[in-house]
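I grabbed these lines from TrEMBL:
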type	residues	note
DOMAIN	74-146	domain 'Mur ligase N-terminal catalytic'
DOMAIN	158-356	domain 'Mur ligase central'
BINDING	G160, T161, N162, G163, K164, T165, T166	ATP binding site
MOD_RES	K266	N6-carboxylysine
DOMAIN	379-507	domain 'Mur ligase C-terminal'
Amino acid sequence: MMHLFKVYSTWIGYELRPLFIIKQLGFTTLAHIILLMVKLRCYWTKFVKGVSMDLTSLLESVTIDYPSSTEIIISGIQFHSSKVRKGDLFVAIRGLKVDGHNYILEAIKAGAVAIVGEENLNNLSVPYYRVSNARKALALLASEFYENPSRRHMMIGITGTNGKTTTAHLLRYILESAGISCSLIGTVSHYINGMEIPSTQTTPDALQLQQLLYQSQDQVVIMEVSSHGIDQDRIHGIEYDLALFTNLSHDHLNYHKTLEDYFQTKARLFTQMKRNGVAIITSRCNWGKRLIDQLLTKKSSVKTFGDSDRDQIELIVVKSESPLKVEIREGDKHYIVSTSLEGIYNFWNVAAAWLTARQIGIKAAIIQNALQSFPGVPGRYEVYSHPNGAQFIIDYAHTPDGFFQFLRTLHARKPSRVIHIFGFRGNGDPTKRHVMLEISAAWSDRIILTQDDLNDVEPESILEQLHGFANDFEGKHCMVIEDRTKAIEYVWEQVGKGDLVAITGKGIETYDQYFALPCKSDRDTIQYLLNKETR
């Protein structure tokens, strides 16, 4: 099925061959003009002209108790009362902290012409429609309102504790190298029609997600799918052609409570595959093996990658230093693959992307060339050189397994010292913190604990815990520097040639508070210090 993959771009009712063909014929400027026209058309349709729909038709997509029939045309959907405009449908959702039902009157005052919610309510000045699950209703209503946009694309969903972002970026790069236009919805940024859109969540809320899918004129959409996104029904109603499982390890237990619940939530993605959809799963972890067995019992189509000859893709490490080199066995064929990515853990991201691309029908030679030229992922193993020869490496690692894989990679380079700067997010999973410190202590020569995002937690509370950890690990020269930018500056002034400094937890994310140095991110802080050196 996938090997027959062939998609055309659609614009004002006409079919256009993919723009890469035009480029290959030498008409690069023409291709850019056509792409610009497509983007302008998208902008006009979605943001200027607007979309409207008969509410009765829209409500056919959900199971609902109807009030007396009233003909209403809605101009939009919102679940934040502060964003409601005249003519909108307001969906009242119970959040973790705020209940949307408490804001119904505010939404009506702002111009909402109808309300959807879960409570039994009477005597509202606008029609009220009761549903059993408002989150699922929002997802279905948004999909219907935006013309079920996921059905126009090949949909690829990627879930797992670690590796989602790198695998998604690898796959997008491979597909675009093969001439297939590709949107990406994920942690670092969203990429739609070649444009980068800032991301605030790995998986956007259901409304924004459907808006992005509607906006996309790309042939394929790759989605990083978080456990929160699944559990909160943000992806409800979307069916996937391909669903990937990278791994599962300790994370988000403040939300899921147990690893079992965390796993079962991840597994729900694979209940949303199209009838001829394919699951692509690692066989290297017990959770992956369990998911494979679970799906095979249901006679789902499953392809696996791992280090066994029973896998569709078997990986054999040839060279673990950069550039990484690996042998991929695919049936009776063997391919040597090189990539500039650092760390053995990235082999498995490469394997997942390779197997997915092959399922779509991409030739092995195209994948090999793409992997060799892959530029990397922003905020993942980003290296900055100190003038004295030390290196500072920014990475998003924020889980026990992420720490282990990342720090082990640094240790394998045989540096003079590994110095590790990190903190813990307020309202994050407290059960993983001591474990992460133990891993850092095992693979680092020095630990600097500092602030990460507060997330509405008082800084004094976090600092008290950091000082407690510093006392526990004082044998590893563990110290606390409250201000994150000053912590980085302190280490910058202490390092020497051959030292490796790991700054983990945020990647390219911006700070959510003000620090002493005029910097907005770890990247900015390093650049600020570099600029000081050259003045």
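Numbers here mean position along the shown chain, with the first residue as 1.
Yeah, the Cβs are placed from backbone N, Cα and C, and that goes for glycine too.
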Show, in sequence order, which residues other than G160, T161, N162, G163, K164, T165, T166 on the same chain lie with their Cβ within 8 Å of the centre of the Cβ atoms of the ATP site.
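What remains near the Cβ centre is I158, T167, E224, T246, N247, N349.
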I'd like the Cβ neighbour count for T161 (ATP binding site), meaning other Cβ atoms within 10 Å of its Cβ, all protein chains included.
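Summing over all protein chains shown, T161 (ATP binding site) has 22 other Cβ atoms within 10 Å.
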Sorry to bug you, but what's the C-alpha spacing from K266 (N6-carboxylysine) to N162 (ATP binding site), rounded to the closest Å?
12
Count the Cβ atoms, other than its own, that fall within 10 Å of the Cβ of T165 (ATP binding site), considering every protein chain shown.
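Counting Cβ neighbours of T165 (ATP binding site) within 10 Å gives 23.
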In whole Å, how far does the CA atom of K164 (ATP binding site) lie from that of K266 (N6-carboxylysine)?
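Taking the Cα atoms only, K164 (ATP binding site) lies 12 Å from K266 (N6-carboxylysine).
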Given a 10 Å Cβ-Cβ cut-off, pick out the one of the binding-site residues N162, T166 that has the most other Cβ atoms nearby.
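Counting every other Cβ within 10 Å of each candidate, the maximum falls on T166.
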In whole Å, note down how far the CA of the residue listed as 'N6-carboxylysine' lies from the CA of T165 (ATP binding site).
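Between the Cα atoms of T165 (ATP binding site) and the residue listed as 'N6-carboxylysine', the distance comes to 16 Å.
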Among the recorded positions K164, K266, which residue has the fewest other Cβ atoms within 10 Å of its own Cβ?
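Each of the recorded positions K164, K266 was scored by Cβ atoms within 10 Å; lowest is K266.
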Do any residues at least six apart in sequence from G160 (ATP binding site), in the same chain, have a Cβ closer than 8 Å to its Cβ, and if so which, in order?
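Once residues fewer than 6 apart are set aside, G160 (ATP binding site) is near L244, F245, T246, N247, L248, K266, T282.
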Could you give me three numbers for the domain 'Mur ligase C-terminal' (379-507), the DSSP helix, strand and coil residue counts?
55 helix, 28 strand, 46 coil
What is the number of other Cβ atoms found within 10 Å of the Cβ of G163 (ATP binding site)?
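Its Cβ has 26 other Cβ atoms within 10 Å.
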So how many of the residues in the domain 'Mur ligase N-terminal catalytic' (74-146) end up helix, strand or coil by DSSP?
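Across the domain 'Mur ligase N-terminal catalytic' (74-146), the residues distribute as 26 helix, 17 strand, 30 coil.
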